[in-house]
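Below is one structure, written out as structure tokens, with a few remarks after it.
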Amino acid sequence: MSTAGISDEASASAFTTAGYCPQLIKGIDSVLIIGSGGLSIGQAGEFDYSGSQAIKALKETGKRTILINPNIATNQTSYSLADEVYFLPVTPEFITHVIKRERPDGILLTFGGQTGLNCGVALQRAGTLEKYGVTVLGTPISVLETTEDRELFARALKEINMPIAESVACSTVEDAVAAANDIGYPVIVRSAYALGGLGSGFADDDLQLRQLCAQSLALSPQVLVEKSLKGWKEIEYEVVRDRVGNCITVCNMENFDPLGIHTGDSIVLAPSQTLSDEEFHMLRTAAIEIIRHLGVVGECNVQYALQPDGLAFKVIEVNARLSRSSALASKATGYPLAYTAAKIALGYTLPELPNPVTKSTVANFEPSLDYIVAKVPRWDLSKFQHVDKTIGSAMKSVGEVMAIGRNFEEAFQKAFRQVDPSLLGFQGSDEFADLDEALQFPTDRRWLAVGEALMNRGYSVERVHELTKIDRFFLHKCMNIVRMQKQLETLGSINRLDEVLLRKAKKLGFCDKQIARAISDDLSELDIRALRKSFGILPFVKRIDTMAAEVPAVTNYLYVTYNAVKDDVTFGDNGIMVLGSGVYRIGSSVEFDWCAVNTVQALRKEGHKTIMINYNPETVSTDFDEVDRLYFEELSFERVMDIYEAECASGCVISMGGQQPQNIASQLYEQGANILGTSPEDIDKAEDRHKFSTILDTLGLDQPRWSELKSLSEVKHFLDDVGYPVLVRPSYVLSGAAMSTVYNSEDLEGVFESAVAVSPEHPVVISKFIEGAQELDIDAVAYKGSLLVHAISEHVENAGVHSGDATLVLPPQSLKEEEKTRLKQLAAQVAAAWNITGPFNMQIIKTAEGGHTCLKIIECNIRASRSFPFVSKVLGVNFVEIAVKAFLGGDLVPPSCDLMARSYNYVATKCPQFSFTRLPGADPFLGVEMASVGEVAAFGSNALESYWVALQGLMSFCVPLPPSGILLGGDLSKEHLGRVAALLAPHGFTLLALSEATCEYLSRYLPAESSVTVLQMPETGREVRALFEQHNVQCVVNLAARRASSPIDPDYRIRRSAIDFAVPLFNEPQTTMLFARALSAYLPAELEMRQSDGPETPSYVLPWREYLGFKPT
């Protein structure tokens, strides 16, 4: 364990010295923390974790904390953390308004990702921080600018003779081409001030470079053209430095994939596995030298390219802020990086800070690991049409998992099961028509291609290495798994599986189901489980303590392994187990982490010991100090049951982690686990589409006409009766996976096959799709079938857009009192019919039939939904806390309360955040399968105001200003496009169309003095970009009636071009109308504010507390 870099001055003042008083930065009583905004690809839940840690650290030191973050789903915007929360856009303008109102003494910029950092730089350049006397805490802005500006960065590293890739900073396409010709192809292009490699990529010639730079420079003011080092090893070091120069390296990590794939899309191992001692210390020394020379104060990430067969290395980049890698390093080592960085920002030095894990060592001890951590990314590219599935220097993954084991094989296999529960471990797939190509040109299925080559196609380690450039060490480790798999396959019968072989397989990370499947199709995982237990083969529980057990630890940060001889902990507390959400993916994100964290907090408040199981390094729920016992483990039946039995748990909460815990509820229940809340038998009656619809019919509750889909011939009989369009829905899926709206017979067969494939063990239901219906969400909590509390949110979009992609308004603005009463009755009837105890969510459509309003139930999930944080925070009532009291029962159960009967003088709107910019080729068209990756929300005095503020919190939006161009197109058979144009025309925008037919259509809606300029449809991407630039297009409205069937579809090309060139896109009629109304209402004030030197703070810039009228507790 190393204490290198500690000065004499600092080490004399260790935190244990009696009477010692740290020399903190003076005059800092209140601190503004900049959040990262809505989750997106490249900037996800890791900033909720780091921001929450920072707030804890500041409050512990007695500082008043003010947070600005529109992401209402986060833990950091919870009741119990910051003193003041502003649900406002993270932009320089809104941050300025908050600074004027709150007058903070200090500001933290490095806990809000790239968004927060960019805002800080903009505020400094505008003179705002100096004007209001706000001190930047931690790393100075000049240092942040140096690390973000590629030219300044290169110059700084050359000052200390640190090797970097030869590079040239460019601000035009022609400059980039000239630079590449000087450097020599292949080159990599990197964008300045960009997140997750956005706008970066490789180019082998001038044509590729021009196409890449055209897009990159639309997203960033500067690009760096540098010599490609594709194929070198990629190594990362997490470094911490305090104000007096003490430095430690907290963790070093090695990418399984060679350089060329963004680290966020790479499999990562910690600690590094293939470095020699010389290489390790060479890079460690360089990292410390870099961070000292730059002057970073706090946490920093240094990325290297290392020559595979020599000691040459190049510095790729430095992130002088908390990042995705720092969250991983923090969870991998147990060292609280964000907490420590926040303390350092206040002026503490490393020797003055205790290690909160051991409580007996100081923070300047470098962590030591006696285990291996594997991080594997999760992609959801299959949800998108026409998307480019190759992976490279621009990040595309939506989440990641972290697995812990005592050897590579154990951690590696765990990680793959965590990424996708349908997988058994390291395995192949027969999907690759050209396996060599799949290995050489990586996609999101890369590791399956490696598994197929080694496990099923007989490729040698050398051949796979030549095609992939993956280090031979890793491939030989994979071969250990392959050999065990082959050995198991030869057995043929469980009777031939002896104790020695079974134990060896478990030590290599094989799960029970994987072993059963290898031996015989007739075996189940329960067969292997019974045999394993009869042999006494049980996993051991080990502790992560940052010190490799050299120093006793007081926390319970745990993992499970078969590579041990004893447990590190004792059992018998009979705690309540809470299952987390697992990997972030489209449909399951930070919302469920909020639910899980609030569950354990509510349980602890009632005096119960808590056990959390989760494996997501980006989450607050996997923070060591949130629960009594944290297991960084799989959410599989096998692992959950192992822990449940070892801990002698008194109960298990499966309804707060989204769909994944729900999917194993029945297995846990059948094996004797005490499931708190609704019985899994009743849950199954809601998850199974056939059972659900049958019960609704029995109760006489209205729903769209439906039938169980068993064969295409039966479907056609149903269609003869109800007609198109219809909705096809599988059971037990999340975020509308494989759900489709079918408009014609040509699409039906493919949709049918996809739905059956995604949920083969459960029925698929087909129902009549009712066009033009309004969709409503009900979030509720019940106790033994009686409704306790509910909230009704309105969708802005009509039914047909997944609820996770919908814009929600709460309280509802267009519902009549009798409709709200009927909705409450429906919720109460469902709660009673399914005997619900705990959370549930319903989706209902409102439609007119025969002159009457009809409310039809379309779905019910007996678990917390992704809108639980939204309704809890908007209404000021914690739905999760009420659900926990329902779980516990007795006198704790609160009386029923009708929140929808109350009067509210504010409205909140939640908007989805998409990451189409990150997904080249993906059609940004909304449908019944979810596509958004995050959300933002805002409060206002009315729905229009709250929507206008929320909209500005989206990364993809900037306010279009007249006389800029707005390009209009799409479905001309309905009036939506014309009504939008009529609202926009009076404000001086230049209205553009790409056909005479569109122009003629629009003329019917526009006043005589308005005109539409008709442009010719561009044929190439370069021509589209030229058109956008020439006509200053700042907004695209494309209301196509259907998703594009082909990439040559004109509407698709325009939608995709808007995304590629960072132009706001509106493509859903109701949302577009709301946008047009909001722009008409607030544009005059926006223009006036932009022209004013000291604009007045808008009335909607208020803290959450003032909207509610009380401070939530």
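Glycine is no exception: its Cβ is also placed from the backbone N, Cα and C atoms.
Note that the structure is a prediction, hence the values are computed from the model and not measured.
Copied over from Swiss-Prot:
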- ARG150, ARG190, GLY196, GLY197, LYS227, LEU229, GLU234, GLY260, ILE261, HIS262, GLN303, GLU317: ATP 1 binding site (BINDING)
- GLN303, GLU317: Mg(2+) 1 binding site (BINDING)
- GLN303, GLU317: Mn(2+) 1 binding site (BINDING)
- GLU317, ASN319: Mg(2+) 2 binding site (BINDING)
- GLU859, ASN861: Mn(2+) 4 binding site (BINDING)
- 23-420: region 'Carboxyphosphate synthetic domain' (REGION)
- 421-568: region 'Oligomerization domain' (REGION)
- 569-955: region 'Carbamoyl phosphate synthetic domain' (REGION)
- 956-1097: region 'Allosteric domain' (REGION)
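Closest by Cα distance to ARG150 (ATP 1 binding site), from the binding-site residues ASN319, GLU859, ASN861, is ASN319.
Summarised by DSSP class, the composition of the region 'Allosteric domain' (956-1097) is 64 helix, 22 strand, 56 coil. Cβ neighbour counts within 10 Å, taken over all protein chains shown, single out ARG150 as the most crowded of the binding-site residues ARG150, LYS227. Under DSSP, ILE261 (ATP 1 binding site) is assigned to coil, being neither helix nor strand in the three-state scheme. Nearest to GLN303 (ATP 1 binding site) in space, judged by Cα atoms and limited to the binding-site residues GLU317, ASN319, GLU859, ASN861, is GLU317. For ASN861 (Mn(2+) 4 binding site), the nearest of the binding-site residues by C-alpha distance turns out to be ILE261; the candidates were LYS227, GLU234, ILE261, GLU317, ASN319. Working note on the binding-site residues GLN303, ASN319, ASN861: by count of other C-beta atoms within 10 Å of each C-beta, ASN319 ranks first. Look at the region 'Oligomerization domain' (421-568): DSSP puts its residues at 72 helix, 11 strand, 65 coil.
Candidate binding-site residues: LYS227, GLU234, ILE261, GLU859. Nearest to ASN319 (Mg(2+) 2 binding site) by Cα distance: GLU234. Of the recorded residues, ILE261 (ATP 1 binding site) and GLU317 (Mg(2+) 1 binding site) place their C-alpha atoms 14 Å from one another. Across the region 'Carbamoyl phosphate synthetic domain' (569-955), mean pLDDT in this model comes to 92. The Cβ of GLU859 (Mn(2+) 4 binding site) has 17 other Cβ atoms within 10 Å, all protein chains considered. Of all the binding-site residues in the list LYS227, GLU234, GLU859, the shortest Cα-Cα distance to GLU317 (Mg(2+) 1 binding site) is found for GLU234. LYS227 (ATP 1 binding site) sits 53 Å from GLU859 (Mn(2+) 4 binding site), taking the C-alpha atoms as the reference points.
GLU234 (ATP 1 binding site) carries a strand DSSP state (E or B). Around the Cβ of GLU317 (Mg(2+) 1 binding site), 17 further Cβ atoms fall within 10 Å across all displayed protein chains.
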